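Database features, via Swiss-Prot:
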type	residues	note
REGION	1-106	region 'Head'
DOMAIN	106-417	domain 'IF rod'
REGION	107-141	region 'Coil 1A'
REGION	142-151	region 'Linker 1'
REGION	152-252	region 'Coil 1B'
CROSSLNK	212	SUMO1 cross-link
REGION	253-269	region 'Linker 12'
REGION	270-413	region 'Coil 2'
REGION	414-486	region 'Tail'
């Protein structure tokens, strides 16, 4: 069994083996974190007991001391070991304790920077892909042929339709404005009538109150007068009846003078009954007069109430008409505002359409001008190309003529050399951009002396002549001194 403990940078180990097994050496090292045991000065201490075997102590690489003992008849004990206290003191390695934290922070920062760098790389790749995509789109749009479309008739038709709609809206707005004016005039008339009716109603109510007071007073006076008249009438009737009775009695008394009649002049009249009867009559008359007055008053009140109800109904109808007119005015005002807004929108749309049409027309004109310029340039380029082509064709024709002339000259020279003809002078003139004409003249019978070629631009002819004269120069006098004769 092996046990290890760390204390102050040193390690102590002890090993014991029990049983009949051979002794084994146990080497222990005292490691220090981050430092190899071979560079440190730390040492280890170990002890070993072997039962049934003996092995001498040995010193290992860990600077430990070992001792061996024999387990036999001796008591099982561990020998005393001396320890150097200086070895137990911690070593001053001058290492910053925050170095590990700093290294960890540096590693984290490096990881963060690596992550940011990877993100930047991904972003750069994405932007490169976007750039490639945009370049592809740009090339596609550059290579795509733009189709010419004549949009001017469409815009003109649309603008004309909008103008017709605007005219219809203007006509509707004029009609609605006239209707609004008519409705406002009607409303003013109804308002004046309503105000007049209100003032008339107030005047009528005041007159009704005054008349009611007068009627009440007149009714009371009439009742009093009727009662007085009734009483006076009854009293007059009563007095008349009394007078008639007395007159009749007197006449009968006068007519019967010869007859002595014993009369009882004590008029035995029951005045209480007469008064009670008259009072009853007066009460009856008063009650009938009161009933008639009440019935008349109720009739008048009913008539006045009916008049008030009729005027109230008329006023209610007038108010309903006024409210209806107000609602109509509000509706017409809203319709007019809506028509104005729609007219404004249509005018704005017409203006915008006109602007867009003008812009499209201007753009079309610019494009037409550009196309005309490009067409003119293409025509000029074509004319230049045709001119160059004509010049090239002329040059080709001249070269063909020269080649033909040279071939004839060579054939003639070969024939002359073969036949032994006299000397031949050759004068060649080339013309740039024109048709070259050549005159071939062979003369003389003398042996061949020399052959001369005049390559100067004399008159545009290729001439073969005698050695005495250059035919083109002699004929026209236009040689520039290129030939020897001239």
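Cβ coordinates come from backbone N, Cα and C, glycine included.
A quick note: this is a predicted structure, and the numbers were derived from the prediction, not measured.
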Worksheet entry | Sequence-remote partners of the region 'Coil 1A' (107-141) [C-beta within less than 8 Å, at least six residues beyond its ends] | none
Worksheet item: Which chain-mates of the residue listed as 'SUMO1 cross-link' that are at least 6 residues away have a CB under 8 A from its CB, listed by sequence?
Response: 304
Worksheet item: What is the three-state DSSP composition of the region 'Coil 1A' (107-141), stated as helix, strand and coil residue counts?
Response: 35 helix, 0 strand, 0 coil
